[in-house]
Amino acid sequence: MNTPRLIDGKAAAARVLIEVRKDVERLRAQDIQPALAVILVGSDPASQVYVRNKILRAEEVGIRSLEHRLGTDTSTEQLLDLIARLNADGSIHGILLQLPLPAQVDELRALQAIVPGKDVDGFHSENVGGLSQGRTVLAPCTPSGCLYLLEQTCGDLRGKHAVVIGRSNIVGKPMAALLLKADCSVTVLHSRSPDPQALCRQADIVIAAVGRPRLIDASWLKPGAVVIDVGINRIDDAGRSRLVGDVDFDSALPQVAAITPVPGGVGPMTIAFLMKNTVTAALMQQHSLSEAVCHSIS
Ligand code: GUN
C-alpha cells in the first residue's frame with residue numbers, strides 16, 4: 001500500500017479563507033460590510049476559546065464581528081430578545097449562538113428564533129430540512145469542512161460507502177445528509193448499533209464523531225480507508241494533558257490511505273466554513289434585497 005497521507009486541515013482552511021477574503025472584498029466594493037454576531041451565554045471555558053478563535057479569524061478575513069456575552073443566569077426570554085434585535089439589524093448578516101447553553105435556556109427555541117437567512121450554523125429546522133431535501137442552504141460548518149477535505153482527498157465521492165460514527169445534530173446527522181447529497185452510500189452508527197466494528201470495516205470513508213477518545217483503532221478499518229476524525233478530546237497522558245481524536249491515530253495510520261490528525265485536521269475547517277457561511281449569508285441578503293427592490297419597481 002502507498003504511504004498514508006496526512007490530511008492537512010490547516011492548509012485546506014487557509015485555501016478556503018483566501019476565497020472568503022476575496023468575497024469580502026467584492027462585497028465591500030459594493031459598500032456591504034459582512035458582519036457576524038457571536039453570542040456566548042455563560043462561562044464554559046472551551047466555548048470561550050472557540051468564540052475567541054472565531055472572532056480573531058473573522059477579523060483576519062475582514063468580517064466585522066460583534067461579541068455578545070450574556071451571564072450564566074440568562075433566561076430564554078432575555079436571549080430571545082437579543083436574537084430578535086440581531087434578526088432586525090440589517091447590518092448583521094450572520095448570527096452564531098455558541099453551544100452548549102446553560103441548562104435553564106431552551107436551546108431549541110433559541111436556535112429556531114434565528115432567522116434562517118442569518119443562521120450561519122445551519123441549525124434552524126428550515127436549513128436542516130432544506131439540507132435533507134438536497135437543497136442549497138446554509139449547512140453546518142463542521143460537516144461542510146469534512147466534506148471539503150474528502151473531496152480534496154478522494155476526488156469523486158459518488159458510490160463510495162461512507163460510515164458516520166455518531167448521530168449528533170451538529171455533526172453526525174448533517175454529515176450523513178451532505179454525503180448522501182454527494183451520492184455516497186451512507187451508514188450511520190451509534191451507541192445502539194450491534195457490532196459497529198464489522199460495519200465500519202466495510203467503509204471506504206469513515207467519519208468519527210462520537211466524542212470518545214481513541215475509540216476507533218485499526219480493527220475498525222478496511223485497508224485503504226480514508227478517515228476523518230472530528231473528535232477533540234482532552235485526556236491525561238502520563239500526567240500531561242493533551243488533545244486526541246476519536247480515532248487511535250497510531251493504530252489507524254498503517255491501515256489507511258489518508259487520515260486527519262488531531263489537532264490540525266477538522267478543527268480549522270469548522271471556523272473557515274463559519275466565515276464562508278457568513279459571506280454566503282451576506283450575499284443571499286444582498287440578492288433578496290435587490291430582488292425586493294426590483295419587485296417594488298416593477
Ligand atoms: N459548539 C460546539 N460546536 C459548535 C458549533 O459548530 N456551533 C455552535 N454554535 N456551537 C458549537
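Think of each number as a place in line: the chain as shown, counted from 1.
Every residue, even glycine, has its Cβ placed from backbone N, Cα and C.
Per TrEMBL, the features are:
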BINDING   Gly166, Arg167, Ser168, Ile232  NADP(+) binding site
DOMAIN    7-121  domain 'Tetrahydrofolate dehydrogenase/cyclohydrolase catalytic'
DOMAIN    140-285  domain 'Tetrahydrofolate dehydrogenase/cyclohydrolase NAD(P)-binding'
Distance in Å spanning the most remote Cα pair of Gly166, Arg167, Ser168, Ile232, given for NADP(+) = 16
Request  = For Arg167 (NADP(+) binding site), write down the residues of its own chain that are at least 6 apart in sequence and whose Cβ falls under 8 Å from its Cβ; none is a fine answer.
outcome  = Lys173, Val188, His190
Remark   = Across Gly166, Ile232, listed as binding-site residues, the smallest other-CB tally within 10 A is for Ile232
Ask   = DSSP says what for the domain 'Tetrahydrofolate dehydrogenase/cyclohydrolase catalytic' (7-121): how many helix, strand, coil residues?
value = 61 helix, 19 strand, 35 coil
Request  = Please list, for the domain 'Tetrahydrofolate dehydrogenase/cyclohydrolase NAD(P)-binding' (140-285), how many residues fall into helix, strand and coil according to DSSP.
outcome  = 58 helix, 35 strand, 53 coil
